[in-house]
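*Asks:* Positions annotated as domain 'Alpha/beta hydrolase fold-3' by TrEMBL: 61-217, 269-329. The active site feature in TrEMBL is assigned to 143, 297, 327.
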C-alpha cells in the first residue's frame, strides 16, 4: 500500500481495502440464522434473524465493525461469524452496519450512519416488526466500531426523540481519544502487529481530516489544540490507568500545538469522535458496559481509562483485560486466521451478553 501510494497508483487505504475484499463472504443463511443484505434508514446493513421460535420478544444487537473508520465490512468472514454466533446463541436480531468509510468520507459521516441506523431501529414500529424487546437492545463494536458504539450510546442518552433506551454497550478494544497518542500502551506496542502506532495515527488523521499536516503533527504528538487544556485531565493516564498498566512510564502529557488547530480539526475535541472526552454528567446517563482490552495493543489504555471513568460516573462496568491477546484477536475465528484466543474472547463477550442483555 505504501509503495502504491508513493507511486501515485492508489491511496494507501485503497490498497489496504483490498484485504477487506478478499475476506468478504456472501449473505448466506444457515439452519440457525437467516442472513440478508438490506438497508435501514438508507444505510447498508447485514441483517441476522434467528430461525428458531422466539418464545417471546427477542434481544437485538447493533454491531459496528472495526477498520480504523477506513476499512472493514459487515460481510468480512470474521464479522459474519461473530454476528451469526451472537444471533444464534442469544436468539437475537443482529444488525451489522456498513457505514461510509474514509477516504472519501470523513468524520462525522461514519458516526452519522451508525447513529441513523440505531435511532431508526429503536422506533417502536421497527422493533415490533422484528419482534424485538425494547428493553433488551444493545450497541457493540470493535476498534473503530467500539468508538462508534460508545459515541452512539452517549448521543442516544441525550436525544429527546429517542424513547427506547439501550440496555447495554459492548466495546471491544475501542479507540476512544486522539488527544494523547503517547500513552503507555502506545509506547509499549508501537511496532507490534496488527495495529502499530503509525497505522493508528494514519487512521485517526484520515478519519478527521484530508490535511496531511494533521498526520505529521499526530506522529510527534504535537497536534493538541490549546483549547483542549481543560479536557486533558479526562485523558490523564497517570490518574485513570491501573498501576499495572502505568508501569514505570512517566506522565508528560501531550504538548499543545498552535492556534487554529481546533478550527481546522474540530473532531479532536468532539465526544462523537473521541468519547473519552465526555463530561462525567454525560457518562452518568449511560447503560452498563462491557469493555475488552488486550495487553499487546496500542488501544489498550483507551479502553482501560474509559472503564475507569465510567465506574467513577457510577455506570456498572465489566472490564475484561486479556493479558495474552492482541488487537483484532476477536475476529480470528476461521481458517486460515483461526486462533483459540479469538474463540475465547468472543465466548467472554457472548457470555456477558447472555447475563446482561
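Including glycine, each Cβ sits where the backbone N, Cα and C put it.
TrEMBL entries are annotated by machine, without manual review.
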*Asks:* Out of 143, 327, which has the highest number of nearby Cβ atoms, where nearby means within 10 Å of its Cβ, if these are the active-site residues?
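*Replies:* Result of the Cβ crowding comparison: 143.
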*Asks:* Near the Cβ of residue 297 (active site), how many other Cβ atoms are there if near means within 10 Å?
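*Replies:* So the number of other Cβ atoms within 10 Å of residue 297 (active site) is 26.
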*Asks:* Based on DSSP, tally up the residues of the domain 'Alpha/beta hydrolase fold-3' (269-329) by helix, strand and coil.
*Replies:* 22 helix, 18 strand, 21 coil
*Asks:* List the Cα distance (Å, whole number) between residue 297 (active site) and residue 143 (active site).
*Replies:* 10
*Asks:* How long is the line from the C-alpha of residue 143 (active site) to the C-alpha of residue 327 (active site), rounded to the nearest angstrom?
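*Replies:* Per the Cα atoms, residue 143 (active site) and residue 327 (active site) stand 8 Å apart.
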*Asks:* Taking only the residues in the domain 'Alpha/beta hydrolase fold-3' (61-217), give me the average pLDDT of this model.
*Replies:* 97
